Amino acid sequence: MRSDVRIVLLSLLLLIQRELLAEIANEKQKQNENQVDGADAKLPPAKQDNVEAPKNKVGEKSGNRIIKPLNERKKIKPPTYNVPVNEVYRNEKIWSYVDSPQNLIPIPRAPTPTFGQVVPKPQVWYKDDTFYEVLPTFSISVSGPSNYILKKAISRYQRLTNNCSRLSTYSRFFAPRSTSNTIDEDLRTASKANIKFVPKTKITHLYGPAASEFALFPPCPNQKLHSFAIECLQIAVKSLGNFWPSAEMNESYSLLVNPEGVKIIAKEVWGAIRALETFSQLLWCSPTGSSIFINQTFISDFPTFSHRGLHLDTARHFISKRNILVNLEAMAFSKFNVFHWHLVDDQSFPFASKTFPELYKEAAYHPKMIYTHEDIKEIIEFARVRGIRVIPEFDIPGHTRSWAYSHPELFAKCYETDYDSPYYGGLDPTKEETLDLLVKFFKEIIELFPESYLHMGFDEVEFSCLETNPHIQNYLSDHQLQTSIDAIKLFTVKLLNSIQAFAKKSSMTGGRKFIFWQEAFESGLKLPNNSVIHLWKDLSWTPGYFGFPSIISKGWYLDSYFWPSEWITYYENNLFPKQDLDDIFDTNKSNSVIGGEACMWNEWQSDETVIQRIWPVVCAIAERLWNYKSPDTDEFAPRLEEMRCRLLRRGVRVGVTSGPGMCPLPPNADINPPRVFLDEYADDSFLATRKNANCLDSDATNLFIFFGIVLFAFGYIFSRLNLFSRFHRVLKRFSFGILRYGTSKSRLFQFRRVTGLVLPVCFFVFMGLLLLFSANVSRTGSNPSP
């Protein structure tokens, strides 16, 4: 009897358990239907790399769903949602919500920003779902040689990455709603499990050739104490290279993230700077901003093009030095390495020339709207420590109307019928005075700008005015020349030879190489063999046929776009549009395309709007110049949104790229725009002008110690050789009128006694200054707290 009762009770319990399990399964199914992204609840970030950006074509993936053709959507009963669908898709250049065919008006919506993704995209990038927590006390150190540039970079990125205010944030879009309240704790738990259980050799086979180099790094000092998080980054630079960025600098690097820490190997310091920027973009924060994480990663990276430039016009509208520095900072974030500075033009002459001060005094918009030598040195130094070259452009012989305010005698007047008019053309190439002024002017430029390249302009020259001038016609007749173009050819040869002769005597980089706009090549000017042609119009011209390397700006004019979403056109721009010219543009040949530039002409932009106009649209060009592969617009769009948010967090007031949206922020974050990165985190010497641009970039402390040793070695040798006795007659005459004070001792003895008192005083003063300077260096060069 009792056994029968037990059997019945057990059967009832099994039946109840089965019903409960069925009910739980139904609840889970409903929850999965309500999840928009379908991400895994246990490891939310693990699904990020699998969330592909929506495609613009039907039948392709959008997020984790397939966008069906309209006729198929009507036949399939959609799942029931209790919230609107958050998926977006692209139709040409417009992103919108996925919606019902009955809703004819699309609802614009930008793609959701990614997190921990890199712009520009590295050449070789292996990243898996395993991620680790990064300690707030994270440190950056150098294993091997270092210099001032690398120390400054470490100081910047240490401050940039030590809290979540400047980093990407994990978006709740990627997390299931059922776990949104516990996502921070889930992330920390998963990261500790990854450190403890994930094999260290999980991705070793991916970086096999570099494994032996990564193994040479010593372990992090406190890694055993913090076994569940990463606490250090180590950098090894094989060669410090030159102290100035150049066209030949090596920007390649390798980066490894595993449970043992983060390791960077670079051939030169410039590659280490690019690697630090990549590392800062790999970091991402939990939704509340309480923790920092990084995925297990291996990157082997290098730029496709050595010339990756941004052109800025500061003559049509004056651009403040502050905005130029902000622009340079953003360029470093995007791995640009050339700042093409269009200083003067027809409208104004803001360059404060010391050789010809009347130029800016007569033609600057305002006495304060100028760039002094000190301003320019500061900008050059600011760019140098970020691996950015500053190439100045002083466009001649056209675009020179502002020069005529102070030197009208150097310009060719335009003639209408038989009388002259009050209008001027460009510089008169037939006058010796014109050549003399330009030679002296460019000597000043060469001494001020250490860059080996000089942009000479030579675009949009008005030849019609020259043809009407009787003085020029007489010159052509006297020299047996046919047209005014021939006069400019002769003028160009004389000018370039004079500039080159002076440049070869300079102590920095020797001779100069010249860059010319496309018209100089089209006009048949006799250009030096090492010149570079800047193409901005029709790419059917092939300077490579004649051995000239090219820079491409065709299709990359930032002043011409109407909608910000036209970054797609920039991103898909083809630098090699002629299929039959592949042999000419072979990237392995010296006469090929060496890079490109985005051009920001400021006829319609001012100091108040130029930063928003440039950024973040130009990031699309930065990616193509760094990694020139077949563009995948839908994959890049969410990364561009993250880059936009990243720039905003770093204080760059950027514009919009792809429509309505927002940047993921912690719940209690300050929604006001943050201060510019260079403002908040600059140390005392951050914006300081280096007084001597040609000085050796060595550690100043080592120089103090070296000269101290030399001083005492000299004193020791001086005393050992008894040079005081050898020159006592000279000293006696010297001390007769200077060191006389009432005593019976000899004047030589008096001199020795005074010397014995002075030398210790000098020694202690020297040591005090050395200690004071060393303390100051330790404060500015170490890893400071926020």
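Using N, Cα and C of the backbone, Cβ positions are placed for all residues, glycine too.
Unlike curated entries, TrEMBL annotations are predicted automatically.
Owing to the predicted nature of the structure, the values given are computational and were not obtained by experimental measurement.
Taken from TrEMBL, the feature signal peptide covers 1-22.
Taken from TrEMBL, the feature region 'Disordered' covers 29-64.
According to TrEMBL, the feature compositional bias 'Basic and acidic residues' maps to 49-63.
For 119-282, the entry in TrEMBL reads domain 'Beta-hexosaminidase eukaryotic type N-terminal'.
According to TrEMBL, the active site, proton donor annotation covers Glu460. Within 10 Å of the C-beta of Glu460 (active site, proton donor) we count 11 further C-beta atoms, all protein chains included. Under DSSP, Glu460 (active site, proton donor) is assigned to coil, being neither helix nor strand in the three-state scheme.
Taking the domain 'Beta-hexosaminidase eukaryotic type N-terminal' (119-282) as a whole, pLDDT averages 84 in the prediction.
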